[in-house]
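Positions annotated as domain 'Photolyase/cryptochrome alpha/beta' by TrEMBL: 6-141. What TrEMBL records for 258-262, 299-306, 397-399 is FAD binding site. Under the heading site 'Electron transfer via tryptophanyl radical', TrEMBL lists W330, W384, W407. The region 'Disordered' annotation in TrEMBL covers 502-541.
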Amino acid sequence: MSAKRRTLVHWFRKGLRVHDNPALSQIFNDARASPEKFYVRPIFILDPGILDWMQVGANRWRFLQQSLVDLDKKLKELNSRLYIVRGKPVDVFPELFERWNVQLLTFESDIEPYALQRDTTVQKIASEHGVKVDTHCSHTIYNPELVIAKNLGKAPVTYQKFLGIVDKLKLPKVLAVPEGLPDGIKPIADEFEAVDSCVYDCPTLDQLVKRPQELGVNKFPGGETEALRRMEASLIDENWVAAFEKPNTAPNSLEPSTTVLSPYLKFGCLSARLLHERLKEILVRKPKHSKPPVSLVGQLLWREFYYTVAAADPNFDRMLGNAYCLQIPWQKQPDHLEAWTHGRTGYPFIDAIMRQLRQEGWIHHLARHAVACFLTRGDLWISWEDGQRVFEQLLLDQDWALNAGNWMWLSASAFFHQYFRVYSPVAFGKKTDPTGAYIRKYVPELAKYPAGCIYEPWKATLSAQREYGCVLGVDYPHRIVNHDIVHKENIKRMSAAYKVNREVRTGKQEDQNDYEPSPSQSTGKRKASSEAKKTVAKRRR
């Protein structure tokens, strides 16, 4: 490589796209302005520190691999390419800075504690090598730090408070795909590449997926191309967009009743800012439309809310030391956790959801509500942290802030306090799938059970079970708890836990603004009963 030329590097982490990517656009623009001075190298680092083989399920590895291949294709259309680097960033950057004669490193900022620590170290290394670092906030619509600053340095702890703040903020400009690079800016092979021509190439599926037997059907391919296609398909019916209300979708439809854009937002294959802009354009044309928190715009703003509150607390994904989270004496029940994790609780609706999650990597948001409530305050009294870890492994759209925030919400540990509102593992699913078609698909053992007892197979006589080809305790498990009994006991446990938390936080005035209606309530206006309001414990300030 010529000593006269310096290299501009964009480091992909999330943000696996070329549209609306300000950090990528910056190096493209700088290089085009002085093509004789610079090479451009967009990189992705396969970091073993964050891509833990044991915590990432096969379906998400496939999604990442497909996203990287698609990103490489997109960059080649711009006369560039994606360079895959293997190793820990703190180990590989010193070598890359020297070998490539790097002048500028850009990347998209991140709020996750691991990422913050890593990025601080990388910035220090860059400074020691004379490399300038520029970061851009583009994974969210609004910069969480700016929102917190506008709230006098504290994260807004209610959705409505958050809406009031961001409503006054200027929306950032959505950037187009950068212009392609002229010839000569894409570096020729250097010595390192000559030694191993595949060292920078995208990993194959076989290289990333170490347990291929766990791969399910590929319903949601990874990559920016599919993300944009899915967005356009979701927005083509503007009347549907305008009328969308989160609670009025089916958790157990055989095909998704929502957009399934969440995995693409999580990996940054789709810009949240672009989706938000497109939605707002439609709503201008459709003045009679649903509103946050239940609208599609409202769903994007829930994502923003959780990112903001998570940015203010590095312990957001755990109970201890978490400023928002109530301390609840959950129990360790390994057998019950294992049964829930693998869809063997004996409750067909719950088991069907967990099996769909394992097979496809995605489940409807109301299905997530049902299984999260069942695991925690509803039936099994197991910590939301245990459920969070299972979702971390299996969900395509697993996102540190959203995963923890939603688990705290559904366990009534933070943000939502109507702990007495418990999802029935029987009645809830029947509302939208009375015939049990969803259960027949994901729990095929019960396929011959009639609609009258497919949600409650324990009601079938032994002779009937034999006739249906599925005997409980042999072909399908007995239910591990009796919901009618345990959920009432758990409500009492929650009441006691709330009382203890309130007593621990004595001397602090209860703030009724901390109460939020569940996002699954279509009106968003229901009030807690006077008894429930008395149990709302204060969050640490």
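Just so it is clear, glycine is given a Cβ too, placed from its N, Cα and C backbone atoms.
Comparing C-alpha positions, E304 (FAD binding site) sits nearest to W407 among the recorded sites W330, W384, W407. Confidence over the domain 'Photolyase/cryptochrome alpha/beta' (6-141), given as mean pLDDT on the 0 to 100 scale, stands at 94. Counting every protein chain shown, the Cβ of L300 (FAD binding site) has 20 other Cβ atoms within 10 Å. The distance from the Cα of W330 (site 'Electron transfer via tryptophanyl radical') to the Cα of Q398 (FAD binding site) comes to 23 Å. The DSSP breakdown of the domain 'Photolyase/cryptochrome alpha/beta' (6-141) into helical (H, G, I), extended (E, B) and coil residues amounts to 59 helix, 32 strand, 45 coil.
With a 10 A radius on its CB, Y306 (FAD binding site) counts 26 other CB atoms from all the protein chains. Cβ-based neighbour count (10 Å, all protein chains) for Q398 (FAD binding site) stands at 20. Note: the Cα of W407 (site 'Electron transfer via tryptophanyl radical') and the Cα of T258 (FAD binding site) are spaced 20 Å from each other.
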